[in-house]
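Structure, as structure tokens:
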Amino acid sequence: MSGLSTEESAAFPNGPGKVSATEECVGPMRLTQEPIQVLLVFAKEDSQSDAFWWACDRAGFRCNIARTPESAVECFLDKHHELIVIDGRHSRYFEPEAVCRLIRATKPSENTVILAVVPQKPPDQEEPSVLPLLCAGFSRRFVENSSVSACYNELIQIEHGEVRCQFKLRACNSVFTALEHCQEAVEITSEDHIIQYVNPAFERMMGYHKGELIGKELTELPKSDKNRADLLDTINTCIKKGKEWQGIYYARKKSGDSMQQHVKITPVVGQGGKIRHFVAIKRPHIDNNNQVHKFNKEERCSGEHTQSECHPLRHRDRRKDSIDARSLSSRSSDAPSLQNRRYSSVARIHSMTIEAPITKVINIINAAQESSPVTVAEALDRVLEILRTTELYSPQLASKEDDPHTNDLVGGLMNDGLRRLSGNQYVFCKNMSQSQLAIPVTLNDVPPSIAEMLNDEECWEFNILELEAATLKRPLTYLGLKIFTSFGVCEFLNCSEATLRSWLQLMESSYHSSNSYHNSTHAADVLHATAYFLRKERVKGSLDQLDEVASLLAATVHDVDHPGRTNSFLCNAGSELAILYNDTAVLESHHAALAFQLTVRDSKSNIFKNIDRNQFRTLRQAIIDMVLATEMTRHFEHVSKFVNSINKPMAAIEETSTTSVNSDSDSQANIRNSPENRLLIKRMLIKCADVANPCRPLELCIEWAGRISEEYFAQTDEEKRQGLPVVMPVFDRNTCSVPKSQISFIDYFITDMFDAWDAFASLPGLMEHLSDNYKYWKSLDDMKCKSLRPPPPS
């Protein structure tokens, strides 16, 4: 048959074990490739062409056959095959080198692998050189062999070698296209600081042409004399450790003028785990408020912080007109005893101002019971039972001070958007970026330095950011392996440690590392807090193992695939997710649903595959309930239920205790262990774990505050670009006061919730950190400082 037989094209259906599509990663970029397309260029059908045909069938590749050079070029320009096999055994039909040159003359062929089939030579003949083939444009050669297995092996080796490399190179074109059109100046240097690439934005900003820069060492370029003398040494020390540096730097333009820039320098780790490149992103620094930018923002190396002095300040809840005297004295104490701290938290429970209408009703009924006949009191008990297990706890918020930070936080976190129609579409795309890091098979394979860090994971002061740096932003898998092992999760689920590892790796890869806050490090931080709370005596005595496993799994997945934007943003933008979930708990519903979709999709990472149906349904429901509890629109409802159904009844038992300790203990246990109240405990546990940053040691608290602020700044930037309603106008990167935002968040959301949780779980260390951190933010606010740290002394 002459020419191309289109019906000889094989788009073979995939049999068992055949790959229908391949996925590759270039850095954080996920690249999906359909089945590889192969073009066979054989003038005549013979055993060799048949062998390659059936080898393609076995490998799941799509195959076309061309009989002439012209039809080969025509077919290639239509299909853009990844691999071309040219018969070079019989030059009487066509010259294989000429066919190869014809194809190489086309633009699409630059990323195509071309294989020459050459004839076998007698043993007494010298092996011919491959140089003529390489010069003609062939990638490699194949000595004729009509065995299907031999052809299959050759195809598979090419797929895993040259084809995948070419595929990555082809994808890099899109990355460089993005760089060429990027508005920020980008400079890439080698490990020896030799300039490898600058984009047009860099050329425009600095006044150089790239030809004047590429190949030069950074030390050869003129420097501005406005930088601090030791700034360059500080930057080099930071980035050589593999840490990101960002701050303010004066650069000297070609014209000789000095230009103040905001610079972020990121080390890129390559082959052998060594730093191979440095990527610097630069933009002009606009200083709208000198007081804002004169703090130590000039120099910030990720993972390193300096202690800042802060002035003691009394912590006062701005939502309350009065504060319980015992509460105030407890807060102002520098070193309260565990017992005093706990009793002061119990005292504050009674003075809380989270007064939903249903709370008032319950208080009235409680008062009426005291003077009612037994039959009436019993009836009222039944009324209370109904009220405490029905969704009637949403509070009516009291009027707030005229504070834009508080108003914006409440409005942004507790509303599902402005519900207005918008022509803008925020299409939410999932970013399942896979890291290239080797992941330990078991705990025994964890590197010693990381294993040593994990020895401290039971301590509240455990530094998750150090683990983030040591694991190259993969802390969730390592910490998860340690915590899940200590809680016997594999034994409970009847799954292997390898399955658990695959699941943790899958979940971590489904977080967006590009998010400054909602990434896998936040998930690991919430998992750590969850484990810490589960180990507290009263919590441990209230929950069974299924509750513990559900809590750990919920913490791990609670923000999976988070886009770095709030629910309000997605609703206002008319995103696909907001439409799917009817503008209600959009992200939380997505996190829970996606977690189960990913888990059951592949047996190797399905941690639920060996448990029975009833247990799975119970576990699944518990995980979904906890993930949905992290949604802030029902924040006060969950806290109010916890206070009125658990805190206050238990406090009443303690305060009226005149009989034996055992009977009181039994009464409290009955309150804690009811199915309804165990549900409330789990909700409260994950809510506190999710927003525990203000209760962490000061340096961790500061770093997390910076990360969440940056994420909100980025959202405000995007809302303005897209013409969407600005959900939190106060989070404008040019005007925002970070201390004020932290003070508002602590006053409005954190204080009452952690008072209630402390009264139950006894957490004196956390409450001490909360008090200290509040004083720190208040001291910055009193200084009119809007940044994370005070300005350096003048």
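Including glycine, each Cβ sits where the backbone N, Cα and C put it.
Positions annotated as domain 'PAS' by TrEMBL: 178-242. Within the domain 'PAS' (178-242), the DSSP-based counts of helix, strand and coil residues read 28 helix, 12 strand, 25 coil.
Residues or ranges marked as region 'Disordered' by TrEMBL: 295-342.
The compositional bias 'Basic and acidic residues' annotation in TrEMBL covers 295-312.
Residues or ranges marked as compositional bias 'Low complexity' by TrEMBL: 325-338.
For 442-784, the entry in TrEMBL reads domain 'PDEase'.
What TrEMBL records for His518, Asn519, Ser520, Thr521, His522, Asp559, Asp690, Gln742 is AMP binding site. Asp690 (AMP binding site) counts 22 other C-beta atoms within 10 Å of its own C-beta, drawing on all protein chains shown.
What TrEMBL records for His518 is active site, proton donor. Less than 8 angstroms from the CB of His518 (AMP binding site) sit Tyr511, His512, Asp559, His562, Gly564, Glu711, each of them six or more residues away in the same chain.
For His522, His558, Asp559, Asp690, the entry in TrEMBL reads Zn(2+) 1 binding site. Other Cβ atoms within 10 Å of the Cβ of Asp559 (AMP binding site), summed over all protein chains shown, number 25.
As annotated by TrEMBL, Zn(2+) 2 binding site applies to Asp559.
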Chain-mates of His522, His558, Asp559, Asp690 with C-beta within 8 Å of site centroid, Zn(2+) 1:
His518, Ala523, Val526, Ala555, His562, Thr630
Around His522 (AMP binding site), how many other C-beta atoms are within 10 angstroms of its C-beta?
25
Using a Cβ cut-off under 8 Å and a sequence separation of 6 or more, which residues in the same chain sit near His558 (Zn(2+) 1 binding site)?
Ala523, Val526, Glu588, His591, Met626, Val627, Thr630, Ile686, Asp690
If you count, for each of the binding-site residues Asn519, Ser520, the other Cβ atoms lying within 10 Å of its Cβ, which residue has the minimum?
Asn519
Restricting attention to the domain 'PDEase' (442-784), give the mean pLDDT.
93
